[in-house]
Amino acid sequence: MVVVAMESPNYSVVEIDVPPARSADKGRGKNAKQFTWVLLLKAHRAVGCLAYLAAALCALPKTIKKRLTLQHQIPSKSDKLSKGSLLFKFIRGFLVLSLVTLAFELVAHWNGWNFQKPNLHLPESREIRGWTHSAYLSWLLFRANYIAYPIQVMSNICVVLFLIQSADRLILCLGCFWIKLKNIKPRIEGDPFKADDGSEYEYPTVLVQIPMCNEREVYEQSISAVCQLDWPKDRLLIQVLDDSDDDSIQTLIKAEVSKWKQRGIDIIYRHRLVRTGYKAGNLKSAMSCDYVKNCEFVAIFDADFQPNPDFLKQTIPHFQGNPDLGLVQARWSFVNKDENLLTRLQYINLCYHFEVEQQVNGVFLNFFGFNGTAGVWRIKALEDSGGWLERTTVEDMDIAVRAHLNGWKFIFLNDVKVLCEVPESYEAYRKQQHRWHSGPIHLFRLCLPSIITSKISVWKKANLILLFFLLRKLILPFYSFVLFCVILPLTMFVPEAELPAWVICYVPILISYEWVVTKKAGRSSESNLLDAAEKETENEMTNNKVQEQEKAAPPTVRKVNKIYKKELALALLLLTAALRSLLTAQGIHFYFLLFQGAVFLLVGLDLVGEQLS
């Protein structure tokens, strides 16, 4: 603002800074403009989502055709086995019966032969119109008198199991909340690397084992990460336990071990000619070496795990002053968690496993299932518990149970994380899940006599038998499948048997059946990768030898996305049950069956994991 004063022929100019006044109309206009932009942005996102869904739906028939073509061109042994499997036959028979029943119900609905449950008022004989009507009435009587009751009994049993599972998870979540609230976690008192009398700290000798089998994609990064552990070289011994049956992979691993050996690392390559006992046999054979007797602790890392350099300094000190401590387990961290939908779902599931189950059991019970990797054992605890046994495919759970029965305690470090991978393809995922779920059944039968006769307290025995084995490892995986994939569809076709709507609000799970080594993709974190040019120079001669061996080797089978017939049949069954639920106006059942059927459809077409060209 400028003011001009005219007091004489001369004049003066005075400037006064005054902030401009904002009118209410201008403020309202600006807010309206911002609101318009927000609406346009949301509309743009909505249109983008609709376009994405439309493109996905348009591409779906083409993808299905491509899957079918490749399925015929490259037959898989596992597919041939799945065709004759008992589960596939059961689902297929159930699907056929469901389609026939649905067609019958649609005819009845079209003709107006609808009778509401639970009071079934059938018409008199003079009102019956034709043999079709009579057959439908006979089906209603048979369904109400003979089929509904056993289905209702199974439904009630599943509801009880559902309540037990919910109570178990609620208690675990409350325990996790209490741990966070009180900031409870294992701590190291003082400086663990300074002796009390001021003298130099004497580091214990640590053995690091890397069991692997045909791990072409990940062997280099795991060996590299372990060889860079921050621990005195004269107190660190590394074993690379290679069970590979491919000569070219053996050559690569030997070259990698030789490279680090030349750098002053005490690393040993071991290869078994007879691969008995799988991973347990491999670890058992390695622990029988004479030089292992000089080691006090052993750290185990699977081939796709990459520990940070300070891993041993974060775990070994917890053993000091704790003579009863047998295991220190670290948490897994995933380098490929955002790769696709399947990896994201696995990440959520495994986060619950570590954050809630492992941490709560470690804090309040000093016991949990060893994860088989990313952990440090006191070698004396392994020896007192009988060492590695080849009697089961879940050798990690086996040794953990036997150590617990011998009085050894475990701690879980939620803050110490080790990089690893989750399976990116559904094929690898289903193999991993079967290995994790099938072994405990056999192990429970083997361990039950030892648990009963052990000297641990009664409540610890009850925790092992009822919670650890029966509830979490045996009953829940199978009951979930039966409840949501068998009982729920049955109640749609037999409405006299009811399943409460509040039970439906549950996340579905997938169960599959097979056992093979889980395939790794070989992803690494940048901090653990060596310079690419240096690797190329050091391994040039080795790669030439490998190429010569690969030329003489038989051609490898081309990897393609597969069609999983069990999952597809189950998807059609659930979608058929969803259609049937519309006839009885069961809204929540319809939406649950629809979405779960869609999930199984995506899985059956192998659209949730890695997409191979």
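Including glycine, each Cβ sits where the backbone N, Cα and C put it.
Under the heading domain 'Glycosyltransferase 2-like', TrEMBL lists 298-508.
Annotation source TrEMBL lists region 'Disordered' at 532-553.
Here the transmembrane segment (43-60) has long-range neighbours at 605, meaning same-chain residues at least 6 beyond its ends whose C-beta is under 8 angstroms from one of its own. Per TrEMBL, the feature transmembrane segment maps to 43-60 (among others).
Annotation source TrEMBL lists transmembrane segment at 90-110 (among others).
Using a Cβ-Cβ cut-off under 8 Å and counting only residues 6 or more beyond its ends in the same chain, the transmembrane segment (146-164) has close neighbours at 471, 475-476, 479, 482-483, 487, 490-491, 494, 496-500, 503, 506. Annotation source TrEMBL lists transmembrane segment at 146-164 (among others).
Residues or ranges marked as transmembrane segment by TrEMBL: 464-493 (among others). Panel annotation: around the transmembrane segment (464-493), residues 94, 98, 101-102, 105, 151, 154-155, 158, 161-162, 164-165, 168, 369, 401, 404, 437, 440-441, 444, 447-448, 451, 499, 503-504, 506, 508-509, 511, 570, 573-574, 576-578, 580-581, 584, 586, 589, 592-593, 596 of the same chain, lying at least six beyond its termini, place a Cβ under 8 Å from a Cβ of the stretch.
Positions annotated as transmembrane segment by TrEMBL: 499-517 (among others).
According to TrEMBL, the transmembrane segment annotation covers 568-584 (among others).
Computed over the domain 'Glycosyltransferase 2-like' (298-508), the whole-number mean pLDDT of the model equals 91.
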